[in-house]
Structures are given as C-alpha cells and as structure tokens.
C-alpha cells in the first residue's frame with residue numbers, strides 16, 4: 001500500500017503506474033513526483049589498518065585504497081565503479097597486511113608491525129627485518145607498543161645489518177627502553193620469535209633516520225611537537241602537547257626537552273606520552289571524552305568520572321560517535337555535578 005511521504009526506488013530504468021477507480025464516483029486524487037537519478041556503487045568498506053578515498057560513487061568513479069604505516073596493500077590499489085543494471089566495483093576490496101620480515105632500503109621514516117599469528121603465517125612466527133638508512137645516517141627505533149608473552153615470545157634488536165651484529169636489546173633480558181634505541185651505524189636488525197603465545201602478540205616499532213650531528217625527530221602519538229629548530233641541531237628545544245581527550249604522562253612540567261652535547265647529540269630527557277585518562281575535569285567549549293587507553297581497549301576494573309562544565313549561559317550538546325562497551329559495563333550521563341543528579345542516558 002502506498003502512503004503519503006513514502007519514497008520508492010525502481011530497480012530498473014522503467015516504471016509502470018496503473019490506477020483503477022470504480023464507476024461510482026467517490027472523489028479523491030493524488031499527486032506523485034518522479035525524478036530520474038543515477039545508479040551508484042555502494043561505498044567500499046575501509047580495510048582494517050587502512051583507509052579509502054572515493055572520487056565518485058557513480059559509474060566511472062574510482063576508489064583508491066592505502067594502508068597505515070607498517071602495513072602493505074594486498075590486492076588492487078584502485079577500483080572502478082562499472083555501469084550496469086546494478087553498478088558494482090570491478091574487483092574485491094583489498095586488505096592491509098603486516099609483513100613477517102623483509103629489508104627496508106634507504107629508510108627514512110616508517111614502522112615495523114607484527115603480523116597476526118595464524119592464517120598464512122601459522123601460529124608460530126619467525127620474522128626478521130633489516131632497516132638500512134642512507135650512508136652517514138643513523139637510526140632511532142621507538143617502541144610504540146610492545147606486548148609479548150614472556151614465555152613464548154622474544155624480540156631482539158641488533159646494531160647492524162646481520163644476525164651476527166651486536167645485540168642492543170633482548171626482551172628476555174632487558175626492559176623496554178623508554179628512550180628507544182639508536183644504531184651505531186646505518187642499519188638495524190630486528191628479529192621477532194613467537195611460538196604459540198598464550199596471549200595476543202602486539203608489536204609496533206617506529207624507525208627514523210637522522211643525521212649523525214643532530215638529534216632524532218621526537219615523536220608523540222596522539223599529540224603535537226613544536227620545535228625551535230626543525231633540523232634538531234644541538235640547542236634545539238622540542239615542546240609537547242596532546243590532542244583533545246588526551247593528557248601528558250608524566251603530567252606537569254617540564255613538557256619540553258633539549259638536544260644537547262654537540263660531540264654526540266642526544267635529548268636530555270625522554271619523550272612524554274599522551275594517554276586517554278580515566279576521568280577528569282573538562283571546561284573547554286568543545287572537546288572529546290575517550291575511554292581509558294583509547295584507541296586500545298580499556299582494561300577491566302575501571303571507575304572513571306568526567307565533569308564537563310561550560311559557561312552559565314550555555315548548554316552542552318553531546319554526540320556519541322563510538323560506543324562499544326563490554327557486557328556488564330555501564331556508561332551513565334547525569335544532568336549535573338554528581339550521581340544524585342537527573343539521569344540523561
């Protein structure tokens with residue numbers, strides 16, 4: 001049955017309307033507007049660990065895929081929307097996969113990410129990467145995320161390009177270095193061994209090549225770095241700030257480090273981290289509330305309270321963009337300063 005306000009789309013380019021009325025006049029009428037429109041492809045799904053940009057969803061339009069740093073595209077980089085009774089893309093959506101080892105020549109900036117156990121690589125991993133910078137450069141290796149099974153996983157880093165180069169980090173013996181690692185020359189050799197780990201393996205190492213007479217470029221995930229010298233020569237200051245929803249850890253000053261020692265340049269302190277905190281007071285006119293440790297999953301046993309305060313003459317518009325809480329967990333919104341206030345949601 002048709003009803004006022006209803007919108008229908010025909011599956012083909014032809015439509016037939018058939019109206020019948022009994023011979024006894026009863027009065028009435030109708031007005032139906034029609035309009036031709038171009039058929040289109042559906043928006044292609046974004047690959048895990050990557051993204052997609054689309055020029056047009058109509059026939060002839062293209063979808064171009066790319067992967068996050070540390071991942072390689074498996075499949076066609078560009079798909080085309082083909083014309084037809086039901087327009088469709090000319091291939092399958094590609095995926096982004098982390099490789100188990102390889103050589104990175106003329107390395108400048110990038111990541112090494114552990115592949116997911118299982119699938120093509122099987123439950124056990126033996127991955128070896130060689131990172132080679134240009135002549136006259138050294139490499140800084142920053143440990144972004146490391147979660148290894150202490151009984152079944154092992155990570156080793158060697159200063160050099162071969163398995164015989166001297167070991168500068170061994171997860172069986174050393175703590176994760178807060179300042180990262182710096183190569184003695186232009187190469188690093190990274191080896192990851194995993195034998196049916198009981199816990200999920202997580203590894204993300206960020207590498208960067210830098211001139212020997214300068215400090216490496218500091219990095220702050222979920223934040224910004226400003227500097228007095230983009231070349232990071234001795235005397236340069238680097239100041240850190242976090243994106244909305246994050247806070248510097250450790251908190252408080254100093255939020256800056258200095259490149260010191262012209263004979264062997266290095267930073268005088270470690271880079272801070274930006275973490276999504278459990279609770280806090282928010283008074284900016286716009287901001288973000290993130291679950292603890294976002295974008296990673298929050299750990300169990302959390303009890304967080306965020307207070308949002310704006311000017312007296314204003315009110316607060318709250319848009320929930322992502323909500324994925326575990327069964328039994330609860331997120332409650334109160335219209336006021338405490339749990340005795342009226343519950344909004």
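Cβ atoms are placed via backbone N, Cα and C, with glycine included.
Predicted automatically and left uncurated, TrEMBL annotations should be read as such.
Pulled from TrEMBL:
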DOMAIN    39-98  domain 'Sushi'
DOMAIN    100-210  domain 'CUB'
DISULFID  100-127  disulfide bond
DOMAIN    213-276  domain 'Sushi'
DOMAIN    278-345  domain 'CUB'
Lowest local Cβ density among 100, 127, which the record lists as disulfide-bonded residues, within 10 Å: 100
Number of helical, extended and coil residues in the domain 'CUB' (100-210), per DSSP: 3 helix, 59 strand, 49 coil
Across the domain 'CUB' (278-345), average pLDDT on the 0 to 100 scale: 77
